[in-house]
Amino acid sequence: MDNQNINFNSGEKNVSLTKEKSTFIPGGRAVGAGAATEWIGNAWKMVKAKPMMWILLTLIYSFIIMAFQFIPFVSLFAALFGSVFIAGFIAAAEKQRTTGNFEIDLLFHGFKNKFGSLVAVGGLSLGIYLLGVIAAVIIGGSSIYQLILDSQYANSDPTLLLDSLSSIMLALVVITIFSVVSLAFSWFAPALIIINDLKFGEAVSMSLSAVKKNLFGGFLFFLLMGILFGVSTIPLFLGFIITMPIYMATFYTTYRSIFYAEEVKEQKSSLIS
């Protein structure tokens, strides 16, 4: 796929709608916290340009994920394919950026291209998260178990709740940290593998590097997305029809913003003949 045409427009010139050439930045760059709104805004522009295609793409993906939950044992491994499907959304977004259109079957692009590397990203992400769950259970599991036992009695001990609260809160902090680390390794990796043809190790390393450079922007981005998802629940969850495609498109818009910059054309001095 051609990475040199039509970048999304941005006040900080992270992306552009012109056909100026762009330069890939290994390891990514810091773009500032203000870029968080641009990532979402650019994703909205993509979805708005092809709304029915993006909605259909997201609905097919959602139905597949839900179907996984009803198949014994398969649901346990569904998370492994998360990065494979994300690669499909990224391929669709790249095709739309370069040609103005895309095909629905691009959702399965990752199953036909770089499948092993993409599954490895999912495995790493899942493994880190499971380590967090294990650590959280070790820290707060006994406290939760004691609270469950105590709740069966009419006269439960309030001091037990207070004593257990610190352990439970610490467990939540631990699992949150592991979740963030898991996300940092996997957020940009599918795009780097599919578009830039990077190997698994190099892709997850660059993803982590890019996230570290944009921690505050990432925090603000997820805060804003959380608000959007919250608002989407109000009208009988119908808002998710638009919010979910926007979220999936941000895997691409964040990648383009952080890993690409417009080439600056050098102007010759008038003194040079």
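Every residue number used here counts from 1 along the chain in the order it is shown.
Each Cβ is built from the backbone N, Cα and C atoms, and glycine gets one as well.
With a threshold of 8 Å between CB atoms, the same-chain residues lying at least 6 positions outside the transmembrane segment (52-71) that come near it are 46, 78, 85, 88-89, 92, 101-102, 104, 107, 241-242, 244-245, 248-249. According to TrEMBL, the feature transmembrane segment maps to 52-71 (among others).
The transmembrane segment annotation in TrEMBL covers 77-94 (among others).
Under the heading transmembrane segment, TrEMBL lists 115-148 (among others).
Nonlocal intrachain contacts for the transmembrane segment (168-195), taken as residues 6+ away from its ends with a CB within less than 8 angstroms of a stretch CB, comprise 1, 3, 28, 82-84, 86-87, 90-91, 94, 109-110, 113-114, 117-118, 121-122, 124-126, 128-129, 131-133, 135-137, 139-141, 143-144, 202-204, 206-208, 210-212, 251-252, 254-255, 258-259. Per TrEMBL, the feature transmembrane segment maps to 168-195 (among others).
Nonlocal intrachain contacts for the transmembrane segment (215-248), taken as residues 6+ away from its ends with a CB within less than 8 angstroms of a stretch CB, comprise 31-37, 39-40, 43-44, 47, 51, 54-55, 57-58, 61-62, 86, 89, 254. Residues or ranges marked as transmembrane segment by TrEMBL: 215-248 (among others).
For the transmembrane segment (77-94), the list of distant contacts is 1, 3, 46, 53, 57, 61, 64-65, 68-69, 102-103, 106-111, 113-115, 118-119, 121-123, 125-126, 129, 186, 189-191, 193-195, 248-249, 251-253, 255: same-chain residues at least six beyond its ends, Cβ to Cβ under 8 Å.
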